[in-house]
Amino acid sequence: MEGEGLVLGPGGASRERYGAGGRMAQWLVHVRGMSQATMEVLYSSGVVFAEMLQTGPPWLEQFWLWVTFLADPKCVFIIFFPLAYFLEQKVGVAVLWIGIIAEWLNIVSKWLLFGERPFWWVYESELSNEKVLLRQFPVSCETGPGSPSGHCMITGAALWPIVTALTALAARHSSSRLVRLTPFMVYFFLLLAVGLSRIFILAHFPHQVVGGIVTGAMLGWMLEACVPAERKLGFYISTSLALVLGAIGLYWGLIALGIDLDWSIRLATKWCLNPEWIRVETRPFASLCRDAASTLGLGLATRSSLYAQVRHEPLGWTQRAAHAGLALAILHGLNAVVQPENIVLWYCLSFLKYASFPWVVAALVPWLLRSLPHAQSRPRAE
């Protein structure tokens, strides 16, 4: 086979095999070697940086763990979406939609970029034999590839509409440039904290975090203008199917090319210090299930009879807070439902839960609070 020439030794053997193309083959081997050497430097320096973070003040540990929890992609669906929706409906829909697209793109990117994760790389590289003192945490053992950081990329993209909405709100109430820039400053400091937290728990290397932050901000900026307004149910069904079929098609296409896409699951299982820390929800297809379900759920919510009754109801700030609080409580309860051990049932229940979340936020909660006797007797605007 022609491709076998790339693994031949230097000198005449390669040139004899390829003739005039021998130099090109040698150049490709040389470039690949340089690339591997560069990645080794990035990985090694990243481990040193992670060790430095872990030797910081003990009180910072809980802070980093809290930040990495807050930036978990599922929080886009169960925290940021309902909060943004009751700030302004179109902002909430934008948060959900951009979060879905960003997570799907993150899945695909990880399949193509093959990023290592520090918690297994230190053992595979035998760097652990050099007395590198690193700790794993229950949230360290993610099973997907590491590049780019999903926490940074997905959260960064999904929060962009909130930041721009708060910036516009600040501009309407203040002429101070500092006040108008505050939402963006908080946004970038938050993403910086998320990135550091991911390095701290050994989930990512610094370059993966930087890539996630930059990509997330760019996606948020580009996709904000592409959020669909209320469309027909068929649009959401076809989009949900496209997400599933597109990802599955790429998955099996890469496997047909001889690419092993389960390598990261094996390494995570091999080097995670506690088998109970390996979670199904960190697998790429769990994220895909969430995205497809949420897309379908958004369509079902906006076409439901309950939504038609409440869609134009004006809300004061006190009522918005009440709606957001109730929505967060219901979504937290649904998310806390114990998942079955059977993998098929796990995916089915996960799909049903995430498909119901948009309906709960956009239709059920407003309808419930609207139906209360005291709510009907009070003016809706404050």
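Positions of Cβ are set from backbone N, Cα and C atoms, glycine also.
Per TrEMBL, the features are as follows:
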type     : residues   : note
ACT_SITE : H151       : active site, proton donor
ACT_SITE : H204       : active site, nucleophile
BINDING  : R117, R198 : substrate binding site
DOMAIN   : 91-224     : domain 'Phosphatidic acid phosphatase type 2/haloperoxidase'
TRANSMEM : 63-87      : transmembrane segment
TRANSMEM : 94-114     : transmembrane segment
TRANSMEM : 153-172    : transmembrane segment
TRANSMEM : 184-203    : transmembrane segment
TRANSMEM : 209-227    : transmembrane segment
TRANSMEM : 234-259    : transmembrane segment
TRANSMEM : 344-369    : transmembrane segment
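Here the transmembrane segment (209-227) touches the transmembrane segment (94-114). Their Cβ atoms form 3 or more pairs under 8 Å, with each pair 6 or more residues apart. H151 (active site, proton donor) falls within a helix when secondary structure is assigned with DSSP. 153-172 is the stretch from 63-87, 153-172, 184-203, 234-259, 344-369 with the greatest number of Cβ pairs below 8 Å to the transmembrane segment (94-114). Distant neighbours of the transmembrane segment (344-369): 77-78, 81-82, 85, 89, 92, 96, 280-281, 285-286, 289-290, 292-294, 296-298, 300-302, 304, 306-307, 309-310, 313, 319, 322-323, 326-327, 330-331, 334-335, 337, 375; these residues of the same chain sit at least 6 beyond its ends, with a Cβ under 8 Å from one of its Cβ atoms. When the stretches 63-87, 184-203, 234-259 are ranked by Cβ pairs under 8 Å to the transmembrane segment (153-172), first place goes to 63-87. Taken together, the residues of the domain 'Phosphatidic acid phosphatase type 2/haloperoxidase' (91-224) have an average pLDDT of 92. The helix, strand and coil residue counts that DSSP assigns across the domain 'Phosphatidic acid phosphatase type 2/haloperoxidase' (91-224) are 101 helix, 0 strand, 33 coil.
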